[in-house]
Amino acid sequence: MSGYPKSYNPFDDDVEDEDTRPAPWKDARDLPDGPDPPIDRQQYLRQEVLRGPSATAASTSRSLFLMYESEKIGVASSEELVRQRGVLEHTEKMVDKMDQDLKMSQKHINSIKSVFGGFINYFKSKPVEPPPEQNGSIVPQPSSRLKEAINTSKDQESKYQASHPNLRRLHDAELDSVPASTVNTEVYPKNSSLRAYHQKIDSNLDELSVGLGRLKDIALGMQTEIEEQDDILDRLTTKVDKLDVNIKSTEKKVRQL
């Protein structure tokens, strides 16, 4: 026999009292309800409106910083390419000098090969040797396209450092640096903070567009410079091969004396 009375409902134990039910979960961002919105609600709405433009302005500022960093790397790489051109031109000049000296040695060897008239002819008609060249430093001249791109980027870098002295802390404080005269305020919101964000975003995007154009000029200038240096390498390879053949020929003639 069951110990419960006949009128007892065992499922009544599963029914929770309404007063003991947990309160529904609420997001911290949920706005309070009520006929009169408090000041916190207005502040929250204002922050929500500015959240998107603020993040976009910060993102474009970071992109602008990265663009200038890339441009600095491009300029440094271009200058290294110019230095490499100087090395190649100096090497080519030295190979040309070696070729001239070798030709002069071959003339001397040919003049002393004759047993009877060699020495007489050597002293009578000694060829005039060209004066030794001064081994001064060679100033490399890069392609005009690369030179112009380097100068333009360096000039812009000085302007950028003047307007953004703290390059690694581009943040919303730069909003105050946007000149009002450079933009048409009629196309922006009336709210001053929101308008400042929109102006900063447009300013960053314009600067990014111009900067990417300079990066493209650097890339094209480097391409032209590399093509010209490839021509120097081809000439240098041909001259070195020819010099190697002449050295072996001269060495053979000396052994036959």
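Note that Cβ sites are derived from N, Cα and C of the backbone, with glycine treated the same way.
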Correct range for region 'Disordered' (source Swiss-Prot, candidates 1-42, 211-252): 1-42
Structural state of Ser77 (phosphoserine), classified by DSSP into three states: helix
Pairwise CA distance, Ser77 (phosphoserine) versus Ser203 (phosphoserine), rounded so that it is a whole Å: 28
Sparsest-packed among the modified residues, when each Cβ's other Cβ atoms within 10 Å are tallied, from Ser77, Ser78, Ser203, Ser209: Ser209
